[in-house]
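Asks: Features from Swiss-Prot:
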- Cys69-Cys132: disulfide bond (DISULFID)
- Cys96-Cys107: disulfide bond (DISULFID)
- 62-142: domain 'Saposin B-type' (DOMAIN)
- 1-22: signal peptide (SIGNAL)
Amino acid sequence: MATWALLLLAAMLLGNPGLVFSRLSPEYYDLARAHLRDEEKSCPCLAQEGPQGDLLTKTQELGRDYRTCLTIVQKLKKMVDKPTQRSVSNAATRVCRTGRSRWRDVCRNFMRRYQSRVTQGLVAGETAQQICEDLRLCIPSTGPL
């Protein structure tokens, strides 16, 4: 018990309390924070995130939202040959009808929130990745932790 308290005190004095309370090893902690420096070029939405206690949760959420975005936008692109406001809007009402009920709920929530910006991106000829990054749903280039 005394050893643990001493280690806790030493870590606090060294100015790294996040490492102590997250129970990460120093090597893993450095890898977990490494993407924050690299993302300024490839993913601006993560460059603004600071090192916080729930870093892994935020990264996992971004990954799931990003995959959802890519899937929906790619399905929309397949459904629409020449994207116009009307054709994308019609396809958007059909895209969430396929799949399981959980997927439908996720898809409907996504479309309710982002449909206008996704439509603008498709009409402008952007790729699915560009649209999802514009929505600030990008994931780190180092991959999931």
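Every residue, even glycine, has its Cβ placed from backbone N, Cα and C.
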Asks: Using DSSP, how many residues in the domain 'Saposin B-type' (62-142) fall into helix, strand and coil?
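Replies: Secondary-structure breakdown of the domain 'Saposin B-type' (62-142): 60 helix, 0 strand, 21 coil.
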Asks: Take the C-alpha atoms of Cys69 (disulfide bond) and Cys96 (disulfide bond) and report the distance between them in angstrom, rounded.
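Replies: Cα to Cα, Cys69 (disulfide bond) and Cys96 (disulfide bond) are separated by 12 Å.
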Asks: Of all the disulfide-bonded residues here, Cys69, Cys96, Cys107, Cys132, which one's CB has the most other CB atoms within 10 A?
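Replies: Top count of Cβ atoms within 10 Å goes to Cys132.
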Asks: Can you give the mean pLDDT for the domain 'Saposin B-type' (62-142), rounded to a whole number?
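Replies: Summarising the domain 'Saposin B-type' (62-142) by its mean pLDDT gives 87.
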Asks: At the Cα level, what's the spacing in Å between Cys107 (disulfide bond) and Cys132 (disulfide bond), rounded?
Replies: 14
